[in-house]
Amino acid sequence: MEPGRGGVETVGKFEFSRKDLIGHGAFAVVFKGRHREKHDLEVAVKCINKKNLAKSQTLLGKEIKILKELKHENIVALYDFQEMANSVYLVMEYCNGGDLADYLHTMRTLSEDTVRLFLQQIAGAMRLLHSKGIIHRDLKPQNILLSNPGGRRANPSNIRVKIADFGFARYLQSNMMAATLCGSPMYMAPEVIMSQHYDGKADLWSIGTIVYQCLTGKAPFQASSPQDLRLFYEKNKTLVPAIPRETSAPLRQLLLALLQRNHKDRMDFDEFFHHPFLDASTPIKKSPPVPVPSYPSSGSGSSSSSSSASHLASPPSLGEMPQLQKTLTSPADAAGFLQGSRDSGGSSKDSCDTDDFVMVPAQFPGDLVAEAASAKPPPDSLLCSGSSLVASAGLESHGRTPSPSPTCSSSPSPSGRPGPFSSNRYGASVPIPVPTQVHNYQRIEQNLQSPTQQQTARSSAIRRSGSTTPLGFGRASPSPPSHTDGAMLARKLSLGGGRPYTPSPQVGTIPERPSWSRVPSPQGADVRVGRSPRPGSSVPEHSPRTTGLGCRLHSAPNLSDFHVVRPKLPKPPTDPLGATFSPPQTSAPQPCPGLQSCRPLRGSPKLPDFLQRSPLPPILGSPTKAGPSFDFPKTPSSQNLLTLLARQGVVMTPPRNRTLPDLSEASPFHGQQLGSGLRPAEDTRGPFGRSFSTSRITDLLLKAAFGTQASDSGSTDSLQEKPMEIAPSAGFGGTLHPGARGGGASSPAPVVFTVGSPPSGATPPQSTRTRMFSVGSSSSLGSTGSSSARHLVPGACGEAPELSAPGHCCSLADPLAANLEGAVTFEAPDLPEETLMEQEHTETLHSLRFTLAFAQQVLEIAALKGSASEAAGGPEYQLQESVVADQISQLSREWGFAEQLVLYLKVAELLSSGLQTAIDQIRAGKLCLSSTVKQVVRRLNELYKASVVSCQGLSLRLQRFFLDKQRLLDGIHGVTAERLILSHAVQMVQSAALDEMFQHREGCVPRYHKALLLLEGLQHTLTDQADIENIAKCKLCIERRLSALLSGVYA
């Protein structure tokens, strides 16, 4: 390898920069490079440190030569190999789709046809390896890479699967190999984990576990540690994986044959290569694969299964909507579109286009529109089988009420299209608006008479963005459409998507008409929910899931997904269409009261635009004429909050797209405190009350989103028409975000996401115990969130944000860069390795950490003693001491060194004991070599070495002192480390109490904590029971004082 210019390094005919880091593991680092002449040829350069390799370098070279000869489309190609003094460089094929582990993390599960596509390619690579006698022995999703020739949004059928990282594990040192096993024990065969003799069938077991995870989302046999998994395999002679019932027979038989504990009973390679499931002509259960999700750094994709909750995806943005719209000219065309979607499975279109839609099963009736018009639910609900057809089949004629006996004479035509509606039987009556909505009703009438709205018929087939899109069917209204509103009917048949009119996924908060059948909830609230059956599963006639139009949710979660079912709100006659959604059944969260199922918040991808609960949905891209009754300025950083407010019954209409600096022009508060903030729901008489489960959003969240914005200057409504006042609360300090104070181009106001649940009961509106994640530019107050520690600034008023400790970053994309539909990504923090470790490992690590903290405090005391000794050696001090008759005081410098030596000896003893404990626990297998353990042990070792060096230096410095001053040795025996530590702790408590008495409380709490830590350490080292009891009493007093002090600060 030769260093190039600008930090570019060369490996043979290839070059790379260490800035382009792709990934790293326990033994190697991978960089992205390219060919020096053919720049379009991208490669991956893996750098392996020779310290991680065993002595058999010649065998590694032979193995690499063999791998260079393996030319297969499903094996990562090895282009070049260079061995340097300290490292080995492997130049391999670059795969732009990431690995299968990331793919499954995004999609959770794959359909059987996608599993077969991937498995056929894996089998092709294994056929070549098996013919050459090569055993992989480490097959796992992380070692299966994906390549997308067609780009990031390639169809799953176009994804190329490639096996990587085989043959190298055998040359790793034994202890390093043990660390690797901690990462992937679930995919290793039982004979490998139990250290028995194994052959090539071990790879077949790994393939079985990978297929099982692709199908169900988890490994077939799991344990908290490799030791537990080994014990599980040793105790259970027969293993039977839990295969879902709806799995096809060929795939079930394949899994059972691959996942045999005894390798003799396991199928061989010939049976595997010729298995019926791998045969493309074998009829299996079809499920359309979901398009490939967009990764930040790769373009791999997946397919979604109908058996589990899919990963969160984003709805289409406003920029994508014009490409997704389909124009309908009549109700018959609208119904025909539904029929066409159902029958389009046999079309000869491109696979990318057909796979973007889900084919409605043939058993669904074709006269959906006719039955919807008669105010009856369809006999069989449109349940999407795991993918995302979006059809809003609800019909409603705004401003018209049905006659006492509404009937609709329509019969489906032979082509499946319904006949025309006899809408002349229905009498039309003009609804009387409430007094506060007179102006809005006049605007509504103007919109109804607008020629552009009467002549424009819209319908859009929603394409899935990422993996899926929020799906739902609008429910039918008892009001049939009039014969003059054919265009409006086509609009109401629009298959809703990312427009403001499309409802977002939420269960149990939509008021219902009396004509709809309902599912009783445990609390008595009426909830219409349903779950999509697997393809081929039958739905009984009496099943509750057939009573509502349902679908699987693949969209981003709203902040109110965990709301308790609220009482039904009275709906005016002009209320827009509602929609019911069927959330996926997940096993992780406990069901909320009143909900059939609820989904945990998994971050926040792009949220759909907020609901516009005006009587008419606006035309996409046209200005809105209807005036809002509650006029909230729409900022890019508050889209998700507007969704929540609209869902809770607040009528909102965006006047126009405005940014925060525009709003600041109409804001009379330029950093001043304003009135009472948000009024309670009972004062406003509006449906803005908090439900019992709104722990994900507090009143502080609403203040942060809307508090810094005054009423929109472009609105013609007066303040008297707005019964709700949005202003920053005086209890929160009344201060604005720095970006909101300036009149220039500044960042939008921060949106505060509360993480975790508040205490039981109602959360105070002025609560400051929240964690702030700023949505917006980098100038937001708190853009870094910590998953472990939260620190509140003591003594600060409400304007001081909560400072999160350094940790994992919850990065939220800038909404300005993505317009109003910008992707809001939540990067979940990685779980610490100790999460799945055994209790003995956790307890030992806690003990090591405590030893390290205690030793550091003792070293601070030793440093203070050393500084006092240095000061005593100064000329001024010696001049003053020359007149003192006491000889011991003349030797104060040496005395300080003696105290320092005793403390360093104590530290060395503690650290030596901790290191020995770690070694014993590691040898016993109770302490795993995780990165945290390595870091703590490394720090313990460093401090131990430093303490030993300090002891040696001090002993040399005091050697003459001990020889000349023999009489002082008797006094030195009375100096013990425990006595010095106790004395220092008492002094710290006394000084803190003295400062507290004089109202200097800034540094009291840290000193109390340090003293408490020192006393805790003494309690572990002392042997005299009386001393231990005295220390316990001192600790109790300090803890009481700390409790009183903290309650006074945070009150």
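Residue positions begin at 1 at the first shown residue.
Note: Cβ is positioned from N, Cα and C throughout, glycine not excepted.
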For which of SER17, SER317, SER494, SER889 does Swiss-Prot record the feature phosphoserine?
SER317
Residue among SER314, SER757 with Swiss-Prot annotation phosphoserine is SER757
Going by Swiss-Prot, point out which residue in SER195, SER777, SER869, SER892 is annotated as phosphoserine.
SER777
Name the residue among THR574, THR698, THR708, THR1021 that Swiss-Prot annotates as phosphothreonine.
THR574
Position flagged as phosphoserine [Swiss-Prot], chosen from SER225, SER521, SER667
SER521
Which of the listed residues, SER307, SER467, SER767, has Swiss-Prot annotated as phosphoserine?
SER467
Phosphoserine per Swiss-Prot (candidates: SER629, SER637, SER695, SER746)
SER637
Suppose we draw a 10 Å sphere around the Cβ of ASP138 (active site, proton acceptor). How many other Cβ atoms does it contain, all chains included?
24
In the predicted model, what is the mean pLDDT computed over the region 'Interaction with GABARAP and GABARAPL2' (287-416)?
38
Please classify the secondary structure at ASP138 (active site, proton acceptor) using three-state DSSP.
coil
